[in-house]
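Asker: If you scroll down you'll find the structure; I have some questions about it.
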Amino acid sequence: MSSIRSTSASPAARRTRSIRATPPLLGWRTVDILTVVFLGAALGIAYWGWSLLYQGPSTVLGGLFPPLQGITGAPWLMAGVVGGLVVRRPGAAILCEVVAALVEMLPGTQWGTATFVSGVLQGAGAELGFLLLGYTSFGIGAALLAGALSAPFEVVYEWFTYWTDWTWGWKLAYGGILVVSGAVIAGGLGWLLTRALARAGALGAFPPGQEAREAGGLH
Amino acid sequence: MACTDPAVAASGPVQGAARRRDGGLVEVSGLTWRPYGRRDPVLRDLTLTIPAGQRVLLVGPSGAGKSTLLRAVGGLLETADSGERTGAVTIDGMPAGSSAGMVGMVLQEPGAGIVSATVGRDVAFGLENVGADRTGMPRVVAESLRAVRLDKPADTPTSALSGGETQRLAIAGALALRPRVLLLDEPTAMLDPDNAASVRAVVDEVTRDRGLTVVVVEHRLGPWLDLVDRLLVLDRAGGIVADGCPGEVLQIHADSLAAQGIWVPGVPDPEPLRIPSGMFDQRSGEGTEPRGRVGGPAVRGEVGGAAVRGEFGGAELRGVRDVRVERVTRTIMGEERAVLAVDGVTASARAGRTTALVGPSGSGKSTLLLALAGLVDHTAGEAPATDVPSRELARQVAWVPQWSSSTIVARTVLDEALVSARAVGLADAVARPRALALLESLGLGDLLDADPRQLSGGEQRRLAMAAAVVHQPATLLADEPTVGQDRLTWAAVLGVVEAFREAGGAVVVSTHDDAVVARADDVVRLGAAAAAALPPASSPSSRLSGAARAASPTPPGRLPALPGPTRPRPSSPALSGPVDSSPDVPSVSALPPPPDPPAPAGPPSATTRRPLVSRCGPLALLGASLLGIPAGIVSPTWQASLLVVLAMVVIGGVGLWAPGSGAPPRGRLARVGVRMIPAAIGALSVGWSTWLLGHRDLEVAGTAGLRVVLIVLPAAFLLAYVDPDVLGDQLGQRLHLPARPVVALAAALQRVNSFGAVWGEISRARRVRGIGGTRSPRAVVGALSAMTMGLLVRALGEAAQLAVAMDARGFATAQRRTWYAAAPWRRADLLLVLAWLLPVAVAVVLASA
């Protein structure tokens with residue numbers, strides 16, 4: 001039954017591959033769900049803060065070359081990456097990003113309910129990244145991929161809502177910039193954040209926490 | 001309490017008086033548990049039998065695996081940790097955790113296991129998980145609440161309960177599932193004595209009535225000894241070292257238990273740790289006359305009903321006079337709640353003296369400390385300025401909050417201790433040896449390079465005290481520094497306090513701890529009960545300037561002019577910036593109950609005027625607000641868009657109409673306006689970039705900019721009326737989304753508001769430690785990421801605790817859940833969606849024309 005769950009073996013040897021979630025892969029524990037949702041909620045507050053702050057840098061970049069605004073859009077892709085990296089189960093990335101978007105939306109942003117739509121599209125992209133790797137790899141490469149793939153759906157949606165009158169050259173440039181900055185900012189920083197959380201002892205029940213403990217030597 | 005030998009009592013229940021025999025037989029055999037990444041198991045080959053109905057007190061030094069054993073009995077080992085387990089745990093022969101609600105679990109932190117916004121729903125949580133029929137729930141809820149003597153309506157907000165009431169609510173939630181075993185993990189450690197007694201009385205009563213098996217972990221044994229049949233002692237290696245009747249075990253082990261930090265009755269309180277003299281520089285000329293202190297000074301007087309005793313000698317280093325502080329919290333939905341936390345209080349920090357701030361929970365002790373520190377704004381009276389630069393503030397004052405873990409900023413224990421010293425520019429040659437010596441005396445000498453976030457709670461508390469004084473500020477303020485601590489940490493905390501004071505520093509501690517009060521030079525008692533009798537203008541004599549007048553015409557925590565416990569104010573729809581709160585604000589109603597029960601914070605009664613739109617459910621509101629997107633995409637020109645905007649404003653305006661008589665709700669339109677500000681900026685930005693590209697064509701730019709307005713406008717009218725609690729109900733019952741994520745989301749949305757308070761506490765702690773300065777953009781980014789990290793760690797900790805509490809109530813297996821509250825789709829919902837389809841229709845017509 002639920003709490004009497006088989007747990008994966010724990011070889012003390014240094015791992016080169018990612019530790020996977022306890023099987024079955026779709027057997028979400030309560031702590032998995034709660035952690036994804038709480039992470040999403042906390043990041044949603046951060047998203048909301050960023051929605052107030054980003055205008056400055058975004059305007060500067062947009063003044064240089066409007067599609068560069070994709071760079072300031074990348075932080076909003078982080079929750080999906082982090083949710084996936086922490087819990088490592090199918091659905092974690094999209095759930096985390098959607099919750100973050102929902103929490104960001106409630107106090108009010110400049111996108112209204114469209115915030116939520118973006119969250120679904122971005123989360124679906126991140127989820128696709130982890131899916132392509134079969135939910136087996138959760139290193140920096142997987143993070144970069146999930147970060148990059150968080151962008152495309154969102155880009156297409158924005159073409160038809162916000163950037164309708166741009167040339168295709170600008171539209172494609174915007175897409176490329178959001179993909180790259182998604183990989184670097186959401187993927188890279190998301191990976192660093194996950195590692196930092198694990199080292200802080202906050203992920204004891206999750207594979208990253210186990211990896212951190214094993215990397216730090218047994219004590 | 002008669003004590004049968006536990007080893008032979010397995011044949012039957014010990015409690016003869018039980019009316020029911022619900023208790024279960026607990027058998028643990030060969031249990032070993034090693035979390036992944038640890039070399040040594042936390043529990044080692046543990047075998048134990050607890051007969052049905054027996055009440056066991058489980059004790060041991062910190063780190064002995066007491067909580068782990070409790071979780072094992074509950075079948076909850078793997079809920080919030082991962083590791084290797086061998087051996088078996090059964091209850092009445094069935095594997096622990098194999099059916100929902102077999103055990104009830106109460107956690108140390110009040111509120112850690114709260115799932116719902118209202119008392120009734122929270123009790124019903126377990127019933128929902130086992131798929132109980134909704135119609136039977138209110139009866140079970142009422143019975144369970146009665147059993148724990150929580151005589152409150154089912155719609156009472158859980159946030160309005162005191163710590164003790166919250167713990168009793170957790171017991172009620174367990175009882176609803178008719179558990180066989182009740183597991184309590186230091187259930188009273190965080191409570192004041194009155195609340196603790198109320199929890200113990202309820203535990204005694206319900207377990208006796210039902211004949212439940214009980215395992216309670218505590219490190220203050222005294223009050224529990226009469227309630228239990230058996231005392232079980234674990235050691236650091238994770239094995240049982242003593243087991244038997246409490247009296248017999250204590251006869252043999254009292255001294256060794258006390259030496260391990262456990263509070264054993266009959267063993268005298270520990271002496272404060274001797275910190276080597278010369279640790280601190282002696283502050284000169286600040287009147288540190290000798291004084292007798294053990295036993296406490298005589299009562300000096302009664303000022304405004306607030307008992308005050310002491311000499312109040314020494315120079316006043318900081319003080320507040322007749323200070324009034326309102327704490328404002330903002331919810332995520334933009335509602336502001338102001339609570340009068342402190343009113344008309346006078347207190348001071350005096351050189352070479354310790355002042356104890358005492359009074360019931362919710363009397364404003366924590367807020368008063370913040371006012372003394374200059375960390376919270378006051379609305380009347382005098383208090384230290386709140387705009388002192390961070391580093392200057394650090395030189396003047398140190399503040400140790402109750403949550404010492406959230407103030408950690410460094411990666412090693414030694415660096416953490418040196419944070420403020422470095423910030424204020426104290427020479428390393430002075431600071432470093434002092435930090436090393438201090439950490440050594442506090443028992444942290446072997447942990448200098450350890451990550452402070454990995455320390456135990458007691459170790460973190462000692463480190464926080466050390467870090468507060470290494471740079472030797474003038475004043476030390478500590479909020480409940482000994483609560484929940486074992487004897488070792490208690491002695492360390494008091495050792496720091498006394499050494500700091502001996503060197504001429506001023507100390508103010510808020511506390512419920514009699515032993516701390518007994519060691520204080522001056523005592524200031526805040527009290528709710530004293531308040532009513534106070535003539536508002538009677539100021540204390542100058543001789544008694546250290547006196548507190550815990551003074552407000554109504555009990556603190558309630559504002560006189562207003563009907564409810566909170567005062568909604570029109571405001572920006574925002575968690576704008578750090579939100580003010582302190583540990584004692586959430587428990588504002590930890591006060592003795594006010595004469596008239598506050599109105600529940602739920603939906604207003606029918607007589608109140610409220611906007612039409614507030615009758616709609618969250619799904620309709622979200623759905624209608626999404627309709628801005630098609631309207632925006634379809635609308636062809638800026639002229640068409642203006643017409644659509646007009647339609648939206650008319651429909652939105654009708655929705656905000658609040659028919660009826662009496663005062664209309666205020667700030668409805670302002671709220672919409674505030675929510676449109678970011679949209680307006682976004683519209684300008686999109687319009688501008690389109691203009692730049694689109695041949696500098698104003699019409700094209702205008703159309704693009706107005707598209708943004710169209711997309712957001714419905715949300716600005718509607719989203720403020722989404723009730724997060726009802727959202728979960730509707731997502732689960734109307735959209736049939738998977739129940740567990742939906743319930744988790746509802747629980748998280750409730751706690752999002754408290755994240756603002758956490759953020760505020762972290763930022764205050766950074767400021768007072770001298771690292772709150774925002775000089776360069778790089779420093780700002782660094783500070784923001786550190787604070788976000790702190791918030792995330794705290795949120796994850798809450799998630800892990802909540803997971804244990806929820807699984808104990810059957811959430812893990814809740815595949816076919818029922819719901820306590822119905823979530824009907826009403827006519828108002830349909831009307832709302834139809835109305836907001838109109839602007840889309842307008843856009844479609846104009847586009848095809």
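Yeah, the Cβs are placed from backbone N, Cα and C, and that goes for glycine too.
TrEMBL annotations: computationally assigned, not manually curated.
Per TrEMBL, the features are:
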DOMAIN    B:26-262  domain 'ABC transporter'
DOMAIN    B:323-553  domain 'ABC transporter'
COMPBIAS  B:532-552  compositional bias 'Low complexity'
REGION    B:532-610  region 'Disordered'
COMPBIAS  B:553-571  compositional bias 'Pro residues'
COMPBIAS  B:575-590  compositional bias 'Low complexity'
COMPBIAS  B:591-603  compositional bias 'Pro residues'
TRANSMEM  B:642-660  transmembrane segment
TRANSMEM  B:672-692  transmembrane segment
TRANSMEM  B:704-722  transmembrane segment
TRANSMEM  B:830-848  transmembrane segment
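Looking at the shown structure, what environment does each listed feature sit in?
Answerer: For the transmembrane segment (B:642-660), the list of distant contacts is 607, 609-613, 628, 631, 635, 668-669, 672, 706, 709-710, 713-714, 716-718, 832, 835-836, 838-839, 842-843, 846: same-chain residues at least six beyond its ends, Cβ to Cβ under 8 Å.
Counting residues 6+ beyond its ends, the transmembrane segment (B:830-848) has Cβ neighbours under 8 Å at 613, 616, 620-621, 623-625, 627-628, 630-632, 634-637, 640-641, 643-644, 647-648, 651, 654-655, 710, 714, 718 in the same chain.
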Asker: Can you name the far-off residues of the same chain, 6+ from the ends of the transmembrane segment (B:704-722), with a Cβ under 8 Å from a Cβ of it?
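Answerer: Residues 333-334, 573, 611, 613-614, 616, 618, 621-622, 624-629, 631-633, 635, 638, 641-642, 644-645, 648-649, 651-652, 655-656, 671-672, 675-676, 679-680, 682-684, 686-687, 690, 694, 832, 836, 839, 843.
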Asker: Over the domain 'ABC transporter' (B:323-553), what does the predicted model average in pLDDT?
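Answerer: Within the domain 'ABC transporter' (B:323-553), the model's average pLDDT equals 83.
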